[in-house]
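Enquirer: Below is the structure I would like to discuss, written out as structure tokens.
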């Protein structure tokens, strides 16, 4: 790492956070779930494509992720046709949740299972499955927290008009969301419209490493077409409008009767300057605006961040006055999926180049942080504290649900099940301590969900990383589940046990 890097000269804020964490760690044995606010929700999550399986059963048709994986683009050639096979094992999984003591289960509805062609006829078998899953959860006292769209766009809509790139997506998505409200809203009280709309446009339409594989040189190669300088912004705009449209329908027709809440879930990487240089500090601020502000600014203020307006220019879609009115305040809570910090340096020298994409527009270059250190995520729990502090100060302290937080390891040796994952318990405890401290300091966070309940297909790594509190034996036809030690640790905490002291960790 270069001289002057953050690892050598931490900011005063980080020093304070680290000292507070050290003090908290000394008293970690006193922290229980009852130290969190009354009504605080603890859970775990998955998504349909990642664990459901039954890809071609009971009327389900392909999503863009089915097409992508079957064309061999997923790491290791992984496909999710069976995955954890929750479609056939949901009762077993609900029993695992119940035994663990979860308050809630976050899952998604597969659009191509419920409405296989993306619009029109509802699949009765899909309707039956989700009704059964929801009823099973409620029977066991577990809240269903449901995501309406989690990346699995019906391939039929992609083929017909280009999917999210077309404004026609907004109408079809809204109709699909209303089917969900109408059929499940009497029991589902927590809705998420869209999962991570601030990353899907980058993976699918800038770098082209995810479906539908659209990009342009030099930002991506081997794509089926696309324009990395414009399409990510168009896709994000359509996702934002679709979200607002669904919320509008819910509030007009269903919320008062059904008594639920609705929000959106953003990927919450935290960007930190790589050095103490003024330019790097400015780069980190810009990147957080491009990453979180891309959606939070319209949701709170009705328009994209000024820094994006000035740097992206005419390539950033306009928000009309009527759309601004619909978007502003279109949430009852904000979901955040947080895993790590990313250190950035300024690369503003490239900003005037003719070929530009999202990262060139932001004027940053990533230089460490995010991702895996050897086998596991680097441990930077202070980054979650910074994210929550940022949401509190900049966006009016909205209600927040931590919808994903967790750590992964590599697959077990074939034929051997490894129950010992203390690294995961240590990771989760470190973040829970920071979360508790943030709440004490005024953060309006109301829930925390571990990613994930089960091992499953991961969008970035196939089956190369395992996030599950519960292991799934993918070599067994029955997809046998095994409870890992982290599940027992979480269960002990959820049932009133004290957080055990964790191994000392370095905050930077």
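Including glycine, each Cβ sits where the backbone N, Cα and C put it.
Straight from Swiss-Prot, here's the annotation block:
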{"type": "SIGNAL", "residues": "1-30", "note": "signal peptide"}
{"type": "BINDING", "residues": "50, 150, 195, 196, 339, 404, 451, 458, 459, 467", "note": "beta-D-glucoside binding site"}
{"type": "ACT_SITE", "residues": "196", "note": "active site, proton donor"}
{"type": "DISULFID", "residues": "215-223", "note": "disulfide bond"}
{"type": "CARBOHYD", "residues": "222", "note": "N-linked glycosylation site"}
{"type": "ACT_SITE", "residues": "404", "note": "active site, nucleophile"}
{"type": "CARBOHYD", "residues": "441", "note": "N-linked glycosylation site"}
Enquirer: Spatially, which candidate from the binding-site residues 50, 339, 459 is nearest to residue 222 (N-linked glycosylation site), comparing Cα atoms?
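Expert: Considering only the listed binding-site residues, the nearest one is 459.
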Enquirer: Are there any residues at least 6 positions away along the chain from the residue listed as 'active site, nucleophile' with a Cβ closer than 8 Å to its Cβ? List them or say none.
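Expert: In sequence order, the residues whose Cβ lies under 8 Å from that of the residue listed as 'active site, nucleophile' (at least 6 apart) are 45, 337, 338, 339, 449, 451, 452.
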Enquirer: For each of the recorded positions (195, 441), count the other CB atoms lying within 10 A of its CB, then report the residue with the highest count.
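Expert: Per the Cβ count within 10 Å, the most buried is 195.
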Enquirer: Let's check the environment of residue 339 (beta-D-glucoside binding site): how many other CB atoms sit within 10 Å of its CB?
Expert: 24
Enquirer: Look up residue 50 (beta-D-glucoside binding site) in the DSSP assignment and reduce it to helix, strand or coil.
Expert: helix
Enquirer: Pick out which of the disulfide-bonded residues 215, 223 has the most other Cβ atoms within 10 Å of its own Cβ.
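Expert: For the disulfide-bonded residues 215, 223, the Cβ with the most other Cβ atoms within 10 Å is 215.
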Enquirer: Given residue 195 (beta-D-glucoside binding site) and residue 223 (disulfide bond), what distance in Å do their CA atoms have, once rounded to a whole number?
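Expert: Rounded to a whole number, the Cα-Cα distance is 24 Å.
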Enquirer: In whole Å, how far does the CA atom of residue 459 (beta-D-glucoside binding site) lie from that of residue 215 (disulfide bond)?
Expert: 18
Enquirer: Round to the nearest Å and give the CA-to-CA distance linking residue 50 (beta-D-glucoside binding site) with residue 196 (active site, proton donor).
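Expert: It is 15 Å, counting Cα to Cα.
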